[in-house]
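Quick look at what TrEMBL lists:
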BINDING   47-52, 202-206, 271-274, A328  GTP binding site
BINDING   S51, T183  Mg(2+) binding site
Amino acid sequence: MGNRLKKKNKNDKNAVVKREQFIDQMLMEDNTKEDNEYKLLLLGPGESGKSTILQQIQIIHQDGFKSKKERSKLRDTILQNLLHSIHSLIKASVHFNFELESENQVLVEEILNLPTDFTKITNEHCQMIQQLWKDKGIQETYKIRHKFHLFDCAKAFLDDVERILDPDYIPTVEDIVQSRSRTTGITDIPFSYGSLNFRIWDVGGQRNERRKWIHCFQSVTVLLFVVSLSEYDQNLFEDSKVRRMQESLLLFDEICNSRWFRETNMVLFLNKDDLFRKKIQKKDLTCCFKDYEGGCDYDKALEYIKKTFLALNQNPENKTIFCYTTCATETNSVDNVFKAVKETILSNHIKDN
């Protein structure tokens with residue numbers, strides 16, 4: 001057994017080294033390109049909306065997802081999101097003792113065993129999911145979704161299950177930006193904004209691996225950090241006792257004050273503003289921040305969160321953090337922020353020269 005553990009640790013170490021070498025190689029190749037290409041590194045915790053922002057950049061600057069063929073590739077992702085959502089609701093209803101209507105209890109096992117292959121989904125399966133989604137016990141479970149892990153897209157996809165499970169279904173652009181997909185590997189997207197050329201990087205992987213490759217990006221122009229405003233009352237999937245926003249603050253602190261980025265300016269995306277506006281009306285921030293005294297006032301709550309993040313900057317004389325509220329599922333919202341980012345970079349470029 002000891003030999004197997006040594007072999008596994010060696011394989012894990014080799015994988016990290018290869019990943020670092022791959023990043024180095026890509027950045028070296030990138031450095032040979034045009035001198036006026038500005039590099040942006042996109043960071044943030046899972047489900048903050050990072051992937052959606054990348055998709056919006058593709059939509060705005062690369063005419064992304066216009067063809068049916070391109071959108072069809074994401075069909076399986078949306079099916080998996082839909083099934084993950086109903087599975088999460090079923091399991092949470094059991095955990096929180098919400099009883100399902102008797103005629104729906106027999107559907108549970110069959111729905112939990114549904115295939116994740118579109119070709120095997122039938123009209124009968126579609127009707128079962130619709131019926132269970134309307135169940136009073138499931139709806140009561142949905143009301144306390146902050147207590148368990150559930151994708152933000154759950155309601156949108158479950159409300160539209162008949163369309164999504166249609167054999168001829170082709171995802172819309174709206175479906176795609178609503179969907180959730182975990183970042184794996186390294187993604188880089190080149191794009192132009194007026195006279196400026198950009199390349200945005202998103203690197204997936206475990207948090208404990210980050211310190212082993214983060215130095216590769218020390219030459220980036222700007223760091224982009226995305227946090228979900230609406231997660232203040234939600235707990236981590238990995239640790240049900242830790243609020244997700246507290247974890248986001250820890251990650252932001254780590255990145256902001258890293259020795260590799262001591263003087264690298266940052267853009268902080270306070271994302272999912274639309275969900276936050278609705279949630280703050282019913283539940284204030286004291287569930288996450290004990291000293292908060294602003295009640296359910298949206299402006300006070302937003303300002304408190306903003307100041308809490310910005311206060312973590314240990315080098316304000318040499319490092320500026322630009323903060324914007326966004327709704328990553330809205331193309332105009334993301335476009336407006338990147339216009340501001342462009343102006344910031346352009347003004348800094350003029351100063352430096």
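Every residue gets a Cβ built from N, Cα and C, even glycine.
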S51 (GTP binding site) and T183 (Mg(2+) binding site), distance between Cα atoms, whole Å: 7
Among E47, D202, D274, the one of these binding-site residues whose Cβ has the fewest neighbouring Cβ atoms within 10 Å: D274
K272 (GTP binding site): secondary structure state under DSSP, collapsed to three categories: coil
Sparsest-packed of the listed binding-site residues (S51, T183) - C-beta count within 10 angstroms: T183
Helix, strand or coil at D202 (GTP binding site) [DSSP, three-state]: strand
Neighbourhood of G49 (GTP binding site), C-beta criterion under 8 angstroms, separation at least six: V226, S228, F269, N271, K272, T326, A328, T329
Neighbouring C-beta atoms (10 Å sphere around the C-beta of K272 (GTP binding site)): 25
